[in-house]
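Below is one structure; the comments refer to it alone.
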Amino acid sequence: MEGIITQFGILFLLMALFIFDGLFKLVPLYAIIAEVYSLYLDSQKKAPQQKELAKNQKLTWQELKKHDNQSSAYVAIKGKVYDVTSFLNSHPGGREFLLLNCGRDASLAFQSYHPFSEKPEKLLEKYLIGDLITTEWPTFKPDSGFYKECADRVKKYFQSKGINPKTPIPGLIRAIPLWTCFFYTFYLTFIDDSFCLTKRILIGTIFGILQALNTLHLMHDASHGAVGNNEKWWWFFGRLTLDYISGSSMLAWQNQHVIGHHQYTNIMGSDPDIPQLKEGDVRRLVKEQIWCAMYKYQHLYMPILYGLLSLRSRYYDVFEIFLKETDGPVKVNPISIQDKLRQASSKLLWLFWRYYLPVQIFGMSQAQFWFLFIYVEFITGYWLAINFQVSHVSDEAEFFYNNMDKVAKNGTNEQWPIEWAVLQIKSSVDYSHGNWLMTYLCGALNYQVIHHLFPGVSQYLYPEIAPIVLEVCKKYNLKYNLLPGFKEAWNGHFNHLKNMGKQNKFVGFAKME
């Protein structure tokens, strides 16, 4: 109830701002006060004293879910349950990442974010309290040696070169000119009235692309803890780039992308990035979806709708993550007062510099502003969506199905007949290896396989370690989906949409084997 009241209060405040323009002048002050107060609340987070832990407990996934907050934080890893409440403030990966995974089976996150060391597993032993006897969804087959060999070889490479896998330097070097051009093109598009509308549209195109690149680079790495070796690094740059500069929400992105998509890639019923229901979705991507006539044209209308992605993200986080506390199949853990305050202040501050500054302070006409605003947001949406889609929604990738009809309401003990790392290989598509320009323009998403196997590694190191993973794939007789260029990647996506739009056409689907 408190969350609902908070969100409706924010909505009424936004309405009041548009009705009474003068209130917008107070937004920067409100944002500063909200952030200072949130920092104060953060400073009051004191880790509970280590208590005597009850051992040999047997917990269902529903019982585990009850311990999803800072007062009682449990995680399940490889069938074992750990009480990490007293570990929250001392977790090397940061308090936020641990809280994101509390109340869940965090086996996949634990594996993919600790691939180069066995110390974390040993550290957990003192927090062990029992066993997880049921899971919400089936689990994956244990690693047969493929992922361990990939990780060991990559670790050996980093050590031999003296490379920090989370080095922030390449990202920061690229961020400075990117931000400079980003704000300068914003100024030319929305503030400087010396240009005609045609020139503003051309410059606005560049601004829209730069807005997308802002999220594809430093923000994306920050969301995975791949910028620096301290939570302060990725917390600051993540919030700065996504919340305040882009007007979206890092918390929402992490629930959808880190908790959902990365752990259950291309699994219908588990991955929030693909359709969840058998009917009613505007897209048909897996054979389990019931075909209807409009899908015959999805290869034509879906690319057009991709432009809405940027606009959608600005309200989706409020209504789905903060209000409903869910993202498709992903259940969102309790959201703190600090996060709600920051959500409100970042949205308002973004509205201040994107709307109030050009219109109310510099006198840009409403008609011209909204035309250019919608135009640049469509450019950003297209740039992001197309880069996202070609990496997974392709006739080169495989899709899987989590049959929730077979999963009992009280949980399951079933196991999918595929390893998690093998799933990442089969469901991801790479292209344009060795092309530095394409790698920059897509934020290294052309190395999607590498990103999914090692999300906690800086994207600027992917080109160096991709040949290692390719070698291991050959050894284990696994097909690595690598296409020559973006043209082939786009064709793979377009063809998948077209094929799945055909009645009873099941191209692109694979069983879990």
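Heads up, the Cβ atoms here are built off N, Cα and C, so glycines get one too.
The domain 'Cytochrome b5 heme-binding' annotation in TrEMBL covers 56-133.
Per TrEMBL, transmembrane segment is recorded for 12-33 (among others).
Feature annotation from TrEMBL assigns transmembrane segment to 171-189 (among others).
When Cβ-Cβ distances below 8 Å are used as the criterion, the transmembrane segment (201-220) is approached by residues 171-172, 174-175, 178-179, 181-182, 185-186, 188-189, 195, 227, 237-238, 241-242, 245-246, 248, 250, 310, 372, 375-380, 383-384, 387, 440-443, 445, 459 of the same chain, each at least six residues removed from its ends. The transmembrane segment annotation in TrEMBL covers 201-220 (among others).
The transmembrane segment annotation in TrEMBL covers 369-386 (among others). Residues 189-190, 200-201, 204-205, 207-209, 211-213, 215-216, 303, 306-312, 354-355, 358-359, 490, 493 of the same chain lie 6 or more positions beyond the ends of the transmembrane segment (369-386) yet place their CB under 8 Å from a CB of it.
Long-range Cβ contacts of the transmembrane segment (171-189) within its own chain (Cβ-Cβ under 8 Å, at least 6 residues beyond either end) map to 195, 200, 203-204, 206-207, 210-211, 213-214, 217-218, 221, 227, 237, 245, 372, 376, 440, 458-460.
When pLDDT values are averaged over the domain 'Cytochrome b5 heme-binding' (56-133), the model yields 94. Residue counts of the domain 'Cytochrome b5 heme-binding' (56-133) by helix, strand and coil are 34 helix, 21 strand, 23 coil (DSSP-based).
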